[in-house]
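Below: the structure, in structure tokens.
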Amino acid sequence: MPHLNSTIFRPSVLTLTGIPGLESVQFWIGIPFCIMYIIALLGNSLLLVVIKVERSLHEPMYLFLAMLGATDISLSTSILPKMLGIFWFHLPTIYFDACLLQMWLIHTFQGIESGILFAMAMDRYVAICYPLRHASIFTQRLLTQIGVGVTLRAALFVAPCLFLIKCRLKFYWTTVVSHSYCEHMAIVKLAAEDVHVNKIYGLFVAFSILGLDIIFITLSYIRIFITVFKLPQKEARLKAFNTCVAHICVFLEFYLLAFFSFFTHRFGYHVPSYIHILLSNLYLLVPPLLNPIVYGVKTKQIRDQVSKILYCNYSY
């Protein structure tokens, strides 16, 4: 039982420090972060417009890409405005309930993004391994069900984290969160009570969503590569492999950053705290920035439509 005189009972307001150890240069760090955010918004918005107006892109792969773009916009928007408020305008305070809401939104959008990447891997698996059945399997109804399913999965799995914090943890050592946004473990570490249940459930959610998704995505691509290498013609192998390159790049970028950030935050006790925070920030900001660029460069149909839109505007 914590000493009541040295703890705070259910604080109504928390203070986000930003990046501990780099407070003197946070203003300058905010500039590239803001640029990344603007590029991510423009890139993903352009991607959504292109997929919406071009009927030839109303196929499962591109519709999943549109879901990914919308998720990226939501994810980056749930973190950047408050972060820039801390860096530029010295507005570190946030209501406790608002902090929990931000935590839920961030982790939910992360789970949704992971689910969409898994769905995209399954789409490529069926398209390459069972091409004649692809159209009958990935119907409009199934795409809707997948979109609703990955959203509900993430939202419902993350929701108990809020209740475990709100209902179990009453006493806190401090109201200062050593982070630039409201992250689950950063809030749990403030508590002056037993937090083993919170930590275990956090690990359970991470494995149930990110862990299982990465296992199934890896297995699907092993099966895809086996099928591709069995194709008799070199041109067919290159064409099949090229359809997967963009997704593989996005998959590696998302999960490598995710697991590096996850493990350094929990087990990298000798890593400076500002490294933890910078990695966490990059994990949330880099995928929304790179995803539209990767798919725009590697996907000819999207590249052609973007060129057409930009050319028409320029001519006008």
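Placed from the backbone N, Cα and C atoms, the Cβ positions cover glycine too.
Keep in mind the model is a prediction, meaning the values are calculated, not measured.
Annotation source TrEMBL lists transmembrane segment at 27-50, 62-89, 101-121, 142-165, 200-222, 243-263, 275-297. Marked as domain 'G-protein coupled receptors family 1 profile' by TrEMBL: 43-295.
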Counting a contact as 3 or more Cβ pairs under 8 Å, with residues at least 6 apart in sequence, do the transmembrane segment (243-263) and the transmembrane segment (101-121) touch?
yes
Given the cut-off of 8 Å on Cβ pairs that are 6 or more apart in sequence, determine whether the transmembrane segment (200-222) and the transmembrane segment (101-121) share at least 3 such pairs.
yes
With Cβ distances under 8 Å as the criterion, find the stretch in 27-50, 101-121, 142-165 that has the most pairs with the transmembrane segment (62-89).
27-50
